[in-house]
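Taken straight from TrEMBL:
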- 5-32: domain 'C2H2-type' (DOMAIN)
- 57-84: domain 'C2H2-type' (DOMAIN)
- 169-196: domain 'C2H2-type' (DOMAIN)
- 197-224: domain 'C2H2-type' (DOMAIN)
- 253-280: domain 'C2H2-type' (DOMAIN)
- 309-336: domain 'C2H2-type' (DOMAIN)
- 337-364: domain 'C2H2-type' (DOMAIN)
- 365-391: domain 'C2H2-type' (DOMAIN)
- 392-419: domain 'C2H2-type' (DOMAIN)
- 420-447: domain 'C2H2-type' (DOMAIN)
- 448-475: domain 'C2H2-type' (DOMAIN)
- 504-532: domain 'C2H2-type' (DOMAIN)
Amino acid sequence: MNENLNCVVCSKKFSQKSNLNEHYQTHTNGEPFSYDACTKQISLQEEVNEHSNEKDFCCNVCNKKFSKKWNLTIHLRTHTNEKPYSCDVCKKQFARKNDIIRHFRVHTNEKPYPCDVCNKKFSEKSALDVHFRTHTNEKPFSCNACGKEFSQKSNLNVHFRIHSNEKPFSCDVCNKQFSRKDWLKKHLRTHTNEKPYTCDVCKVKFSQQSDLNRHFRVHTNEKPYSCDLCNKRFSQKSALNRHFRTHTHEKPYSCDVCSRDFSQRHHLNEHYLTHTNEKPFSCDVCSKRFSQKHHLNTHFRIHTNEKPFCCDVCSRQFSQKCDLIKHSRTHSHEKPYSCDICNRQFSQKYNLKTHSRSHTNEKPYSCDVCSKQFSLKSHLKHSRTHSNEKPYSCDICNRQFSQKCHLKTHYVSHSNEKPYSCDVCNKQFSHKYNLNAHFRTHMNERPYSCDVCYKQFSLKSNLRVHFRSHTNERPFSCNVCGKRFSQKCHLNKHFNTHTNEKPYSCDVCSKQFFQKYDLNTHFRSMHQNVKLFPSDVCNDQFSQTDELSRHADEKPLATISQQHFVDPKVLPMVGDIFQNSATLKQL
């Protein structure tokens with residue numbers, strides 16, 4: 001035996017040259033050992049010959065050449081699939097002895113290579129070398145096509161397949177091809193439905209370890225990824241990458257059909273189905289079909305009445321997370337969407353998009369019957385004025401409506417609920433828009449002006465009705481006699497002549513009338529001196545409730561005593577309608 005065989009890397013001694021050669025591979029991760037002959041001292045002429053550039057051993061299968069016979073022997077096993085080394089614990093087989101040595105550390109949990117910086121330990125020297133680059137940020141491997149740098153050669157090889165479009169790994173079930181073996185392995189679980197990774201907290205199972213890791217952050221609330229620009233934190237790196245595009249406005253995903261760009265790949269996939277009209281997901285209850293699985297999941301909650309998203313402030317529940325986010329802005333008053341033209345802010349992106357059409361006068365939606373154009377798709381419900389369709393019905397009185405908002409408005413007439421109160425005169429209203437319209441009577445505000453005669457109105461609906469006096473438009477038609485009207489209320493009054501319904505009743509003698517105007521005329525002629533309704537503001541009395549209401553709206557604020565202004569904060573709001581500063585001092 002020769003005891004003069006020393007390893008030129010670590011000086012370890014060996015009695016046999018074969019053992020020394022095998023030991024060399026622990027330094028090279030199994031690759032043939034080579035080094036610069038001018039910087040190493042080689043004691044044996046044999047080693048000089050072995051480390052020369054001569055490659056005398058050639059593979060008969062692929063013609064690859066080797067300088068050592070044992071390297072050729074190991075290489076041939078890639079063709080023969082020979083694996084002479086077997087693990088005593090799990091019986092897994094290997095082609096090379098150093099591979100089984102590394103593998104055995106999986107069972108012994110031996111990690112002989114520690115990191116000098118963070119003391120993390122590794123079972124292989126190559127793994128330590130790769131890890132150490134996370135401290136040095138060294139990326140020695142560069143892509144020849146795009147210049148992107150990598151810390152590991154294996155990552156570079158996988159990346160290069162993006163350019164070469166090489167997908168060497170194929171699924172035996174569906175023939176789908178992959179550029180990486182681990183992607184194929186993950187994909188196969190979609191066929192086997194195998195979920196080997198289980199959450200220790202809630203026992204939910206996952207097909208991939210990465211999915212389990214991401215899920216576990218739901219329990220720990222860990223958000224390790226932070227945005228460099230706004231410091232917002234995320235539990236997933238992919239979520240951070242998607243968020244970062246909101247700053248850069250990058251849209252790397254483009255549709256091949258219409259060239260529309262998207263910031264996220266799944267948005268592109270969803271959009272693409274609008275071209276194919278494909279709806280692969282079907283509801284088991286009502287058979288309605290959807291292009292996206294999450295749309296099906298959301299729809300299914302209609303049947304189950306499931307509302308998994310709950311508001312932390314008011315405990316209101318929602319079936320969709322996006323609805324919860326929108327609702328939460330009613331508490332926070334957050335308005336993240338701003339108009340580039342007038343700087344008006346909105347809590348919802350849809351409202352900003354709708355508002356922007358007020359600047360562009362864009363009306364992309366057109367009625368198929370009369371060609372009238374609208375800025376909102378929802379306004380196409382206008383078509384029901386032609387078809388007289390009324391799909392929304394009141395559960396209490398069975399009255400039908402063409403629009404859902406009208407049904408909601410009608411419901412209040414049954415409950416008599418008036419949750420909105422005027423800060424000036426304390427008058428109550430069932431709807432907020434009625435309160436806003438009423439408040440303009442105090443402010444004398446008339447923001448809506450006719451383009452023809454310049455007459456001003458406090459309500460947009462009043463302007464719309466007025467404008468028909470110029471166009472002679474009469475969109476409301478009687479189903480019985482065909483007579484047309486410019487206002488719906490006129491049609492309703494007229495319709496009573498066919499039904500013989502008299503909805504207006506005299507408070508004094510109970511006589512009924514078709515129209516409110518006839519009731520007022522009757523009251524003036526028959527009961528003029530009867531005054532049943534006193535004013536809370538002054539000592540005046542009135543014969544009808546509508547006269548009392550009108551009086552409350554029109555009463556000059558200067559005559560209202562201080563006791564009626566229980567809330568001083570409203571004074572600045574209405575101060576500009578007083579005649580002079582002396583009036584304010586009196587208050």
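The backbone N, Cα and C atoms fix where each Cβ goes, glycine too.
Long-range Cβ contacts of the domain 'C2H2-type' (253-280) within its own chain (Cβ-Cβ under 8 Å, at least 6 residues beyond either end) map to 242, 245-246, 289-292. Summarising model confidence by region, the domain 'C2H2-type' (420-447) averages a pLDDT of 81.
Across the domain 'C2H2-type' (420-447), DSSP helix (H, G, I), strand (E, B) and coil residues number 12 helix, 4 strand, 12 coil. Residue counts for the domain 'C2H2-type' (253-280) by DSSP state, with H, G and I taken as helix and E and B as strand, are 12 helix, 4 strand, 12 coil. In terms of DSSP secondary structure, the domain 'C2H2-type' (504-532) contains 11 helix, 4 strand, 14 coil.
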